[in-house]
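These notes concern the structure reproduced below.
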Amino acid sequence: MTLESLRSEIDSLDDQLLTLLNQRMELVRKVGELKRSTNAVIYRPEREKQIIDRLHNQNNGLMNRAAIEAIFLEIFAVSRNLELPERVAFLGPEGSFTHQAAESRFGAMSNYVALPTIRSVFESVETGRVRFGVIPIENNQEGIVEEAIDLLLEKDLSIAAEVKIPVHFTFATQSENLADITHIYSKDIAFRQCSRFLSDSFDGLQAEMVPVESTSKAAKLAAQHPHTAAICSHIAAKLFDVPILFDNIEDSDLNRTRFLILAKDFKNQPSGNDKTSIIAKLANTESPGVLAKFLQEFDAQNINLTKIESRPLRDGATFRYWFLIECEGHVNEPHLQEILKKHGAEVKVLGSYVQVE
Ligand SMILES: O=C(O)C(=O)Cc1ccccc1
């Protein structure tokens, strides 16, 4: 086959793809009309998972699961945005890891709003200025983002989905010499994930670590101030035009961060592979065994717990805590309902959503 004929075959396949995509959009539009008449939600992560699973299982071509997922998530996002452009807020500025997490879910066509703090993302979802908000929640090497966990208690939002992405850090600065750097900007959890690089490179030097709201804010600052540096994403360093001195400075190359997609009053249908996040404010935790008995109820119902985090209740001068608990399964399942019914107002479900590997 000549190059010419291969190209013309590709062109003809592209024509067919375009026709098929337009037909698909038509059908999605009809689904949208039906949904609007019943006020149902347009974003359905569990339905998207079902479609990707089905395509992956029947696939016998060159495309692997990641490729199928990348292309179809974009098709889903384009379909939803033709219906009703979704406004999605994220912890900005542009180029943050949260921005990457948001784009990996909502595609290139959504209407993005970069906000300066995690709190402002919660508030814009709360007030309805945006439909979805994306925030970082924890890192697999360094643990939780405290501010995000505390806001889950303070605000009344639901978790619609989780996203996990690998995180690699770049050291960017206008200085040619490390000894000239007076300040290094980054997000607190990013400093923790690069501690070995920092102690090896800045031992004996004077640089001050300055925590700021996000790593892309750090890049923006490093672009404005010559004798400073940022620990940020490669994308943010490029975006704000800060020269890159080192890439991949994280302590662990298995570094991953988990993000949550927040929405107001959002409920997913069961997908068959779900996770549920619960806030537990247990009464009488001064008495022995209250927390232990609560956790045993999950064991008794054969429910696997995947996370427990305690955070201060901040009710006066006491040392009392609330717990963020995550378990496998969907809130509609009877064994989880048993526990929830028993505890009434002590527990609040933040959401059941597709569990991501
Ligand atoms: O600061 C950012 O870019 C964020 O999105 C938060 C964050 C920081 C460090 C690792 C992953 C996410």
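Glycine is no exception: its Cβ is also placed from the backbone N, Cα and C atoms.
Heads up, TrEMBL stuff is auto-annotated, nobody curated it.
Residues or ranges marked as domain 'Chorismate mutase' by TrEMBL: 1-87. Sequence annotations record features per position, and here TrEMBL assigns domain 'Prephenate dehydratase' to 87-264. The domain 'ACT' annotation in TrEMBL covers 279-357. What TrEMBL records for THR257 is site 'Essential for prephenate dehydratase activity'.
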Average pLDDT across the domain 'ACT' (279-357), rounded to a whole number: 93
For the domain 'Chorismate mutase' (1-87), residues assigned helix / strand / coil by DSSP: 69 helix, 1 strand, 17 coil
DSSP-derived helix, strand and coil totals, residue by residue, for the domain 'ACT' (279-357): 24 helix, 26 strand, 29 coil
